[in-house]
Each structure stands twice: as structure tokens, then as C-alpha cells.
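As recorded in TrEMBL:
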REGION    1-32  region 'Disordered'
COMPBIAS  16-28  compositional bias 'Basic and acidic residues'
BINDING   Glu129, Glu197  Mg(2+) binding site
CROSSLNK  Lys279  SUMO2 cross-link
Amino acid sequence: MSSKEGSGGFRKRKHDNFPHNQRREGKDVNSSSPVMLAFKSFQQELDARHDKYERLVKLSRDITVESKRTIFLLHRITSAPYMEEILTEAEIKLDGVRQKILQVAQELSGEDMHQFHRAITTGLQEYVEAVSFQHFIKTRSLISMDEINKQLIFSTEDNGKENKTPSSDARDKQCGTWRLKITPVDYLLGVADLTGELMRMCINSVGNGDIDTPFEVSQFLRQVYDGFSFIGNTGPYEVSKKLYTLKQSLAKVENACYALKVRGSEIPKHMLADVFSVKTEMIDQEEGIS
């Protein structure tokens with residue numbers, strides 16, 4: 001055994017030959033040095049940014065939940081006798097969602113929105129889906145991105161004292177308004193999700209014996225699908241990924257309309273939903289085989 005190796009067969013490290021009290025110890029770091037002061041400011045800036053990101057994630061979660069509740073409420077229109085009451089209640093819920101979006105606009109005051117976009121994109125997509133669903137029920141048309149953004153401009157009177165922050169006071173003095181713009185990607189993804197809700201609306205309408213709504217939904221979905229087809233693979237990855245789901249919803253609605261057109265006169269209204277369900281299961285099985 002070499003003399004450089006210990007009794008355990010391991011080679012001693014070079015500094016182990018020195019007594020412990022003679023080892024070189026690091027000097028105390030001067031906390032008042034310019035380098036340390038700079039890193040402390042970096043730490044404070046990063047902590048503030050992380051805290052803001054977490055607050056935006058929580059707000060986005062609240063926006064998502066309330067928007068989903070609005071969508072569930074709007075689905076009751078096909079079976080409820082009082083359509084206007086449900087639309088009024090849905091508008092109240094959407095006003096509550098917009099108050100949450102106002103808080104998001106306050107948090108993003110003076111910030112680059114794209115740095116925090118990932119934290120709020122899920123909530124914004126769900127809000128677009130809820131607003132566009134309500135607009136379709138009222139007008140049988142698609143709401144534009146500009147119309148959505150116009151609803152997200154808040155004056156100082158809309159900004160309650162409980163929502164104000166020190167930065168919001170300075171913002172109010174400068175321009176007097178708060179605004180948050182929906183990005184084109186959020187708008188497209190929200191509209192793509194809308195097609196699934198319209199397919200469910202078609203199912204509920206058929207079950208209630210409504211023959212007109214499925215054909216209106218089918219025509220609208222065809223126009224939306226044609227619009228997404230122009231984007232194709234040139235758009236963002238998330239948009240092209242949802243194009244397949246949109247095509248599935250369109251196929252189910254078109255097959256329901258086909259069944260209604262060909263066999264609608266010979267099938268009792270209370271059995272139309274069963275025929276539609278069979279058609280949907282056949283489509284799903286064929287897609288699974290392929």
C-alpha cells in the first residue's frame with residue numbers, strides 16, 4: 001500500500017495534511033459593498049416579480065372558474081322557459097369576471113404583459129369562450145376581438161377603493177382608465193373551445209325537440225372551421241392542435257342535422273336525442289378505429 005493512502009485504502013486529500021486551525025478561512029463578506037448591494041436589489045426585484053406572477057395565477061384561476069359557471073348557466077337556456085332572465089343573470093356573472101380582469105390590469109400596470117402572459121392565458125381563453133357563447137345565443141353571430149377588448153376598458157369610477165394599489169393611483173392620474181387587451185392567440189383558442197359548447201348546445205336542443213337550432217349551429221360551425229382552415233399550420237401550435245377537435249364537433253353536428261333532415265319527420269321529437277346519440281357514438285368509434 002502506498003504511503004500516500006490511508007488505512008482505509010483512500011488517498012488523502014491534499015488539504016487534510018494541514019491542521020484544521022491552520023486552514024485558510026474565507027474573509028467576511030462586506031454587505032455594504034457595491035456588488036452585494038446590487039445583488040440585493042436583484043433579489044428584491046425577482047421576489048416582487050414572482051409574487052406578482054403568483055397573484056396573477058390566482059386571479060386567472062378565479063376568472064376560469066367564474067367563466068365556466070357562466071357557460072353552465074347559459075346551457076340552461078335550451079330547457080328554461082325564461083331566456084331573458086338567464087341572459088341577465090349571465091351578464092351579472094360576466095361583470096364579476098370583468099372585475100377580476102380589472103385586478104389583472106392593475107397588476108400589469110407598467111409591466112410587459114408578455115412576460116406574465118402564461119399566468120393569465122387560461123383565464124382569458126375561458127372568458128372569451130363565455131362571452132362569445134353569450135353573444136352567439138343573442139345574435140347567432142361571432143363576437144369580434146375588438147368588441148371583447150372594448151368591454152375590458154375600465155374608467156376610474158369602476159375602480160373601487162378596495163382594489164386600488166399605490167401604482168394604480170399614479171396610473172389613474174396619468175390616463176384615468178385601465179385596460180387589458182386580449183391577444184389574438186387567446187381569442188382564437190377561446191373561439192376554438194366555443195365550438196365544443198355549441199356542439200353540446202345542439203345536443204340539448206335536439207333533446208328538447210328544437211329543430212332549428214342544430215341547423216343554425218351547423219352553419220355557424222362551418223364558417224368558423226373555414227376561417228381556421230385559412231390559418232392552417234401557419235398559426236401558433238396551440239391553434240392548429242385544436243383544429244382537430246373543432247373538426248370533430250362540426251362532424252357531430254352535421255350528422256345530427258343529416259339525421260334530422262332525412263328522418264326527422266318520421267321520428268318522434270322525444271326520440272330525436274337518442275338518434276343523435278347513436279350517430280355520435282358511431283362517429284367516435286370510426287375515429288377510434290382510424
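Yeah, the Cβs are placed from backbone N, Cα and C, and that goes for glycine too.
Bear in mind that TrEMBL entries carry predicted annotations, made automatically and left uncurated.
Counting only same-chain residues six or more apart in sequence, the Cβ atoms lying under 8 angstroms from the Cβ of Glu197 (Mg(2+) binding site) belong to Ile71, His75, Glu129, Phe133.
The Cβ of Glu129 (Mg(2+) binding site) has 24 other Cβ atoms within 10 Å, all protein chains considered.
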